[in-house]
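Remarks on the structure that follows.
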Amino acid sequence: VLSGDDKSNLKTAWGKLGGHAGEYGAEALERMFVAYPTTKTYFPHFDVSHGSAQVKGHGKKVADALTTAVGHLDDLPGALSALSDLHAHKLRVDPVNFKLLSHCLLVTLANHLPADFTPAVHASLDKFLASVSTVLTSKYR
């Protein structure tokens, strides 16, 4: 459960991404593909090389979904319901992959926002991404 401090930390940190959210989403995907090559199996039709337009496009989708989630912290299940259905029923993504991408997002954000990535912000982002992952996997049962 996200506390009031977590919600404040998230809104402040996410606001500092500015117009870079899509870029950071793509970078996190690239990190995931390099660090966890088996994740590429969910993107057989993608050029997963560095700087690929497809990775950039999907990175923007990831960032947009997270931006939506940050805007609906009190109703993540409602805000992410369609995305949860998509990943559970159509794409059938192994739930562990959400944790892998979450880790890569944390690394990417820490790299780009070192002064803002305090232990409290790190903890809030980690809790948020875990909550998003839980919602995205909730319809697998």
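Please read every residue number as a count from 1 along the shown chain.
Keep in mind that glycine also has a Cβ here, set from the backbone N, Cα and C atoms.
Per Swiss-Prot, the feature O2 binding site maps to His58. In sequence order, Gly25, Ala26, Leu29, Phe43, Phe46 are the residues of the chain that are 6 or more apart from His58 (O2 binding site) and have a CB within less than 8 Å of its CB. In the three-state DSSP scheme, His58 (O2 binding site) falls into the helix class.
Marked as heme b binding site by Swiss-Prot: His87. In the three-state DSSP scheme, His87 (heme b binding site) falls into the helix class. Summarising the environment of His87 (heme b binding site), the number of other Cβ atoms within 10 Å of its Cβ, over all protein chains shown, is 21.
Among the features that Swiss-Prot reports, domain 'Globin' is placed at 1-141, with the record citing sequence analysis.
Of all Cβ atoms in the shown protein chains, 11 besides its own fall within 10 Å of the Cβ of Ser3 (phosphoserine). Taken residue by residue with DSSP, Ser3 (phosphoserine) is part of neither helix nor strand, so it is coil. Feature annotation from Swiss-Prot assigns phosphoserine to Ser3 (among others).
Listed in sequence order, the residues of the same chain lying 6 or more apart from Lys7 (N6-succinyllysine) and placing their CB within less than 8 Å of its CB are Leu73, Ser124. Positions annotated as N6-succinyllysine by Swiss-Prot, on the basis of similarity to another entry: Lys7 (among others).
The N6-succinyllysine annotation in Swiss-Prot covers Lys11 (among others), and the record cites similarity to another entry as its basis. DSSP assigns Lys11 (N6-succinyllysine) to a helix. Using a 10 Å Cβ-Cβ cutoff, Lys11 (N6-succinyllysine) registers 13 neighbours.
What Swiss-Prot records for Lys16 is N6-acetyllysine, and it gives similarity to another entry as the kind of evidence. In the three-state DSSP scheme, Lys16 (N6-acetyllysine) falls into the coil class.
Taken from Swiss-Prot, the feature N6-succinyllysine covers Lys16 (among others), and the record attributes it to similarity to another entry.
In the three-state DSSP scheme, Tyr24 (phosphotyrosine) falls into the helix class. Swiss-Prot lists Tyr24 with the feature phosphotyrosine, giving similarity to another entry as the kind of evidence.
Per Swiss-Prot, N6-succinyllysine is recorded for Lys40 (among others). Annotation for Lys40 (N6-succinyllysine): same-chain Cβ neighbours under 8 Å, separated by at least 6 residues, are Phe33, Phe46, Val48.
Sequence-distant neighbours of Ser49 (phosphoserine): residues of the same chain at least 6 apart with a C-beta under 8 Å from its C-beta are Val55. What Swiss-Prot records for Ser49 (among others) is phosphoserine, and it gives similarity to another entry as the kind of evidence.
The DSSP secondary structure for Thr108 (phosphothreonine) is helix. Residues annotated as phosphothreonine in Swiss-Prot: Thr108 (among others).
DSSP assigns Ser124 (phosphoserine) to a helix. Annotation comment: Swiss-Prot describes Ser124 (among others) as phosphoserine, evidence class similarity to another entry.
The phosphothreonine feature in Swiss-Prot is assigned to Thr137 (among others); the stated evidence is similarity to another entry. With a cut-off of 8 Å between CB atoms and residues at least 6 apart in sequence, the same chain places Ser84, His87, Ala88, Pro95, Phe98 near Thr137 (phosphothreonine), listed in sequence order.
Sequence annotations record features per position, and here Swiss-Prot assigns phosphoserine to Ser138 (among others). A helical conformation is recorded for Ser138 (phosphoserine) in the three-state DSSP classification.
Cα spacing between Lys11 (N6-succinyllysine) and Ser3 (phosphoserine): 12 Å, rounded to the nearest whole number.
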